[in-house]
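The region 'Disordered' annotation in TrEMBL covers 147-181. According to TrEMBL, the domain 'PHD-type' annotation covers 202-251. Look at TrEMBL and you will find 204, 215, 219, 227 tagged as site 'Histone H3K4me3 binding'. Summarising the annotation, TrEMBL assigns Zn(2+) 1 binding site to 205, 207, 229, 232. Per TrEMBL, Zn(2+) 2 binding site is recorded for 218, 223, 245, 248.
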């Protein structure tokens, strides 16, 4: 566990130290998108005011051209807004990935530590098997240095599904032990590794999963799902113009 813990702590420290920089970059990009949207909205106001003041003097072609400029500006605003939403989702996913990685590393370390402590208890109770240098740390946890024999014994037990006898963890008393030892031994590493997704986290797409990777929004304002993963709707890049999800396309065809 010492080697694994050192690796986990080094990775965790590097990961967490770099997270603020990545978040700051994403937040800066979102602020820039906000500013672009505001600039484009101001441009729309100017174009609209010009159109209203000169509409009577404009020819038919000039009116169409002016309205197309306004429509193009509105499309840009929507594009910036979509990019901002996409960036926000990526930021959420990035933080969530860091948390899950740290949780998984912690769970693996707890599992290894649990094996060490159980191996220590086996050796002290049996009085035979691998002879090794033992030590007691400051909090009273009895540790056994690892050898080939111990690895084989632990490997034979495996980590299969717990039986009904093992479902309720029993506290064990160890020589030189403490409540910390009992607490560690009562941990089910599988419970930590199989942590469920936050039930309050919203789900999207045809697959009814949480947001991850690149996603696209349906342009139907009444779409019940709204957001879709690229892979689930056979997309690799964001399409130009309006996009409707498969369900909304089917509904539109039925109405026709």
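Cβ atoms are placed via backbone N, Cα and C, with glycine included.
What TrEMBL annotates, mapped onto the structure for a quick look.
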residue	record	Cβ neighbours (10 Å)
204	site 'Histone H3K4me3 binding'	19
205	Zn(2+) 1 binding site	21
207	Zn(2+) 1 binding site	11
215	site 'Histone H3K4me3 binding'	24
218	Zn(2+) 2 binding site	21
227	site 'Histone H3K4me3 binding'	18
229	Zn(2+) 1 binding site	18
232	Zn(2+) 1 binding site	17
245	Zn(2+) 2 binding site	23
248	Zn(2+) 2 binding site	17
Fewest Cβ neighbours within 10 Å, where candidates are the recorded positions 219, 223: 219
Between residue 205 (Zn(2+) 1 binding site) and residue 248 (Zn(2+) 2 binding site), the C-alpha gap once rounded to whole angstrom: 13
Local backbone state of residue 219 (site 'Histone H3K4me3 binding'), from DSSP in three classes: coil
Nearest of the binding-site residues (207, 229, 232, 248) to residue 219 (site 'Histone H3K4me3 binding'), judged by Cα-Cα distance: 248
The domain 'PHD-type' (202-251) - residue tally per DSSP class, helix then strand then coil: 9 helix, 8 strand, 33 coil
Closest of 223, 229, 232, 245, 248 to residue 204 (site 'Histone H3K4me3 binding'), Cα positions, binding-site residues only: 229
By Cα-Cα distance, the member of recorded positions 207, 227, 232, 245, 248 nearest residue 215 (site 'Histone H3K4me3 binding'): 227
Nearest of the recorded positions (207, 227, 229) to residue 248 (Zn(2+) 2 binding site), judged by Cα-Cα distance: 227
Rounded to the nearest Å - Cα separation of residue 229 (Zn(2+) 1 binding site) and residue 245 (Zn(2+) 2 binding site): 11
C-alpha spacing of residue 218 (Zn(2+) 2 binding site) relative to residue 227 (site 'Histone H3K4me3 binding'), in angstrom: 6
